[in-house]
Amino acid sequence: MSGSLVRTTARVATRASTTPSLWRPKLGAFARYASPVVLVLGWQVACSAGLLSTRVVASPVQILMAGWALTRDGTLQTNLGVSLLRAGVGLMIACVVGITLALVAGLSRLGEEIVDAPLQILRTLPALALVPLFILWFGIGEPPKIALVALGSGFPIYLNLYKGIRSIDPKLLEMTRTLGLSRVATIREVILPGALPDLLVGLRFAVGLSWLMLVVAEQINADSGIGHMMMDAEDFLRTDIILVGLVIYGLLGLISDQAVRLVEHRLLAWRPSHRAGGAI
């Protein structure tokens, strides 16, 4: 009788100790999605009650209505397509240039001396300070906008890949020399796979920066794009359209970051930290 009581008590204690750990992930997921909803509801209530002037900040309902109106007449799709094209082309240029320069600086001491110092100086310059030069060099069309996006996005790719190449274990390089691998084979089989995680981290930063730089770029005498749409709305005090643009920028950043994380998870599936959904 006493043995049965002890076993029952142990089962109850075990169940009680494991129940919080089972509920904790669910509560965390609920809080993650509930907090933005509560914030938006509070925002709407404050606007409806007159505590927050809709002339200063549009209400969520007004933002939704403005977004629907822009979608219905095609304005949003047209400007979104232009912004996506600018960001995509700029990011591709940044990847090509950043990876090339990182390989030159990372694989050669002479390349490091030639490439790294000028890039570190250029990296410290504010992007807005380069706008007048870009306009003089490229005019007021698409080239200066794409160049700004490429410039801002290229540095994270270069810096992270350069660090990844320099962080390769010297013992691995010594092993390749012992096995008689050529330099090309060493780069292909050892250095690039070893530096791939750092490259993907740099790509995630670059994707985020591409949208930030696009906001700046679309202020340069643009006649289309999400930034142009927001600037037009500013002239007419349309805070609802301005906030629609901000929401679009935020969603684009979130979606593109998730896409890079998915690619990272697929390419790094061989790493223990990325198995079974363990992507960072």
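Just so it is clear, glycine is given a Cβ too, placed from its N, Cα and C backbone atoms.
Where the annotation comes from TrEMBL, it is an automatic prediction and has not been curated.
The domain 'ABC transmembrane type-1' annotation in TrEMBL covers 80-260.
Here TrEMBL flags 84-108 (among others) as transmembrane segment. Within the chain carrying the transmembrane segment (84-108), a Cβ under 8 angstroms from the stretch's Cβ atoms is held by residues 114-116, 119, 142, 145-159, 161-162, 164-166, 187, 191, 195, 199, 202-203, 206-207, 210-211, 213-214, 217-218, 225, 252, all 6 or more beyond its ends.
Summarising the annotation, TrEMBL assigns transmembrane segment to 120-140 (among others).
Here the transmembrane segment (190-216) has Cβ contacts under 8 Å with residues 83, 86-87, 90-91, 94-95, 98-99, 106-107, 127-128, 131, 145, 148-149, 151-154, 156-161, 163-165, 167-169, 172-173, 176, 181, 225-227, 249, 252-253, 256-257, 260-261, 263-264, 267-268, 271 of the same chain, all six or more residues outside its ends. Annotation comment: TrEMBL describes 190-216 (among others) as transmembrane segment.
Feature annotation from TrEMBL assigns transmembrane segment to 236-256 (among others).
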